[in-house]
Amino acid sequence: MAQIRIHEINTRIENEKEVQLFLQKEDVLYEKWDISKLPAHLQNNYALTDENKEEILTLFSNEIADVSQRRGYKAHDIISLSSATPNLDELLINFKQEHHHTDDEVRFIVSGHGIFAIQGKDGRFFDVELEPGDLISVPENVRHYFTLQDDRQVVAIRIFVTTAGWVPIY
């Protein structure tokens, strides 16, 4: 279950209902998908083959189709980041630059953890700490950045309206 940390006052929201209500008020889509159907050989696997990626996409094809139909998304892929990722530190420096997109930024966490820092409607930033099973959609034109948690690894399904709209605007 995702948790929230509000930067300026270092307040945490950990209760499931309170997290959902907070994100709903910020117009951030949050869903919890059933991660238990992920087979053991794909759990915490950060060296995915093309076949592994296709298997993950197939496992979650109904959920991807549902959210895509509801929200107008048209494309998806998988990203895997870990200590084995070439230039991981350089990638994380880029990811941590505050930016926005002209489309939603949608991620479903398959393995590992990630943090989206999002600028709230009041101008304050808050972290959404994500774990396997969490889906988040940062609305278009909302300032944010992404980083990893202490384990420095994540596998995520990325879902797009268009890949062109996903280009960051710094």
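One is the number of the first residue shown, and numbering goes on along the chain from there.
The backbone N, Cα and C atoms fix where each Cβ goes, and this holds for glycine too.
Under the DSSP three-state reduction, GLU105 (Fe(2+) binding site) is assigned to strand. Of all the Cβ atoms in the protein chains shown, 23 others lie within 10 Å of the Cβ of GLU105 (Fe(2+) binding site). Among the features that Swiss-Prot reports, Fe(2+) binding site is placed at HIS99, HIS101, GLU105, HIS144.
Within the same chain, residues at least six positions away from HIS144 (Fe(2+) binding site) with a Cβ under 8 Å of its Cβ are GLU98, HIS99, HIS100, GLU105, PHE116, ALA117, ILE118, GLN119, VAL138. Taken from Swiss-Prot, the feature Ni(2+) binding site covers HIS99, HIS101, GLU105, HIS144, and the record attributes it to sequence analysis.
The site 'May play a role in metal incorporation in vivo' annotation in Swiss-Prot covers GLU98.
Around the Cβ of ASP104 (site 'May play a role in transmitting local conformational changes'), a 10 Å sphere holds 22 further Cβ atoms from the protein chains shown. Among the features that Swiss-Prot reports, site 'May play a role in transmitting local conformational changes' is placed at ASP104, with the record citing sequence analysis.
Sequence-distant contacts of ARG107 (site 'Important to generate the dianion'), defined by Cβ-Cβ distance under 8 angstroms and a gap of at least six in the same chain, are GLY114, PHE116, LEU130, LEU135, ILE136, ALA156, ILE157, ARG158, ILE159. The site 'Important to generate the dianion' annotation in Swiss-Prot covers ARG107 and rests on sequence analysis.
Each of the recorded positions GLU98, HIS101 was scored by other CB atoms within 10 A of its CB, and the lowest score goes to GLU98. Other C-beta atoms found within 10 angstroms of the C-beta of HIS99 (Fe(2+) binding site) number 16, with every protein chain shown included.
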